[in-house]
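Before I ask anything, let me first share the structure, which is written out below as structure tokens.
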Amino acid sequence: MTAQPNYLKAGLAILFVMIGCCSNVIFLELLVKEDPGCGNLINFCQFLIISLEGFITTLRCGTKKIAVPIREYITMVVFFFIVSTANNMAFNFNISMTLHLIFRAGSLMANMILGMIIMHKRYNTQRYVSVGMISLGIAICTIASGKDMKDKADAVVSDGSTGFSDYFWWTVGISILLCALFLSARMGLYQEVLYAKYGKHPREALFFTHFLPLPGYALLMTDLAQHIKLANTSAPVDVLGVGIPIVWLYMAGNVLTQCCCINSVFVLTTECASLTVTLVVTLRKFVSLIVSIYYFGNPFTVTHWFGTFLVFAGTILYSDIPGLIRQSRQQAVKKAD
């Protein structure tokens with residue numbers, strides 16, 4: 001007898017994925033607008049809080065035996081630390097939130113390419129077409145954003161200033177995003193190996209990938225101290241008669257929504273079919289993009305929209321959502337018969 005899905009729990013998980021993950025992007029952009037270089041501080045705060053929550057709920061204050069040896073997590077932790085740091089560092093190089101979100105949606109492309117090179121995987125024609133669409137979409141959005149940045153640089157030069165530097169650092173930011181994208185895909189492949197060897201233990205992996213990198217932030221102490229000082233001197237907001245620097249309020253919102261997002265996605269994967277998970281995650285990314293464009297007034301041309309369409313259409317095609325829908329309908333018909 002198969003267990004019946006908990007529809008209330010699944011529905012709440014979907015709701016909190018949309019609320020938590022989308023609002024997390026809002027707080028992230030608010031933080032970046034206040035201090036573009038605060039990425040390391042954001043990561044440190046997220047890692048610290050998620051580690052504390054995981055130590056209490058997952059490891060039960062250290063009383064629960066771990067399923068995967070800590071040494072096996074070391075490689076994944078190194079990847080995770082570098083990827084997280086690089087993704088947030090990119091905001092310091094004139095990378096807009098919209099372009100950042102589009103690049104992050106290219107994880108399927110990077111995963112397929114590295115899977116073919118490292119693990120000698122082969123895919124069907126539909127997967128190759130979908131990854132081609134994603135790659136083309138990212139390229140179109142990048143070129144469009146590059147043209148906008150180059151035009152701004154040329155305008156500054158015409159005024160007698162040096163505008164080349166902004167465009168140059170933008171290309172550095174793009175390079176960082178590309179490296180982070182492929183390192184993230186490599187981490188995913190390594191995670192597949194761990195799951196095949198020890199079974200799936202996502203909550204345990206979540207804890208160790210956030211806890212083990214914490215000592216590494218000692219190497220970034222100077223940067224952290226600088227941005228803590230900037231956060232402390234940001235404009236105060238009155239909260240119950242107490243003036244709290246606005247950056248710390250945004251930081252609290254970002255960390256709390258990140259915890260909500262991660263835990264809700266975990267519940268979603270345990271309560272819902274892969275079709276539902278894929279649809280919700282794809283929809284969440286698209287909603288986050290729309291919010292970034294309209295709420296924050298980020299520049300987005302018709303060319304950007306075309307590239308974005310290719311990225312998300314390619315993601316849906318890669319996940320074979322139409323096929324999964326047909327399969328779900330066939331299973332429903334069989335049950336009815």
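The backbone N, Cα and C atoms fix where each Cβ goes, and this holds for glycine too.
As annotated in TrEMBL:
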TRANSMEM  7-28  transmembrane segment
TRANSMEM  40-61  transmembrane segment
TRANSMEM  73-95  transmembrane segment
TRANSMEM  128-147  transmembrane segment
TRANSMEM  167-185  transmembrane segment
TRANSMEM  205-226  transmembrane segment
TRANSMEM  246-268  transmembrane segment
TRANSMEM  302-325  transmembrane segment
Do any residues, 6 or more residues outside the transmembrane segment (40-61), come within under 8 Å Cβ-to-Cβ of it, and if so which ones?
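Cβ under 8 Å, 6 or more out: 28, 31, 84-85, 88-89, 203-204, 206-207, 210-211, 213-214, 217, 220, 223-224, 227-228, 231, 251, 254-255, 258-259, 262.
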Answer with yes or no whether the transmembrane segment (167-185) touches the transmembrane segment (7-28) by the criterion of at least three Cβ pairs under 8 A, sequence separation 6 or more.
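They are not in contact.
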Looking at the transmembrane segment (167-185) and the transmembrane segment (205-226), are there 3+ C-beta pairs under 8 A, with each pair at least 6 apart in sequence?
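Not in contact, no.
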Within this structure, do the transmembrane segment (205-226) and the transmembrane segment (73-95) have 3 or more Cβ pairs under 8 angstroms, counting pairs 6 or more apart in sequence?
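The answer is yes, given that the two segments have at least 3 Cβ pairs within the 8 Å cut-off.
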